[in-house]
Amino acid sequence: MKFGSAVILAGGKSRRMGFDKQFLQVKNHYLLCHHGEQLAALFDKIIVVSNTPELYRETPFVVVSDEIRDKGPLGGIHIGLKTAVSDYVYFLACDMPNINLDYIRYMRQCLESSPARACITRFGDWIEPFNAFYSRDLVAAIEDYLGAGHHSLFRFLKSLATHYVSEQQARHFSPDWRMFLNLNTREDFEKWRRQGPGLGFHAPSCAASR
């Protein structure tokens, strides 16, 4: 299976938000669970990486915790890839609320026509490491990189044979760049909730308990 797995990363310090962002709620449901429902339209296996796995015991997701602790996003990518069953794995952060399924399909097409170890979007001189695909064969490379004492995700990505989607091409799918929005503060979340579309939740298991 080439594109069967998606990973939602629920870790991070959330300093600016003031609380753990995996607890973001809309209509008394965890936002992360809404992500899982949307991604299930394209992926057979939805994996949540969280160091509080008990939160998701009643959900349909596969829930895992970092195997290599305190290494930032690379630790989450590492365990997500190890748990996945497909050649390529889609990664999303839990604070990215605007999933664009058409863009995910487009990235899959890019990797079908031009295989690489990752498919990542450029934004000016920056890159967007999530809302991206990574090859499952990166597990050993991540272990070597972290074992050598390195932590920087961006330095690691520069070492890969990567298919980069240009900002211009990505804006065909999201002219305002909303599909890469991160909810970093309470103000970000409240603004998004006021402006965003109404969200419907269907899985009772996703009801927030706190």
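The backbone N, Cα and C atoms fix where each Cβ goes, glycine too.
Note that this is a predicted model, so its numbers are computed, not measured.
Pulled from Swiss-Prot, these are the features on record:
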| type | residues | note |
| --- | --- | --- |
| BINDING | Leu9, Ala10, Gly11, Lys21, Asp66, Asp95 | GTP binding site |
| BINDING | Asp95 | Mg(2+) binding site |
Could you say which of the binding-site residues Asp66, Asp95 has its Cβ with the most other Cβ atoms inside 10 Å?
Asp95
When a 10 Å sphere is centred on the Cβ of Lys21 (GTP binding site), how many other Cβ atoms does it contain?
22
Including all protein chains displayed, how many Cβ atoms other than that of Ala10 (GTP binding site) lie within 10 Å of its Cβ?
26
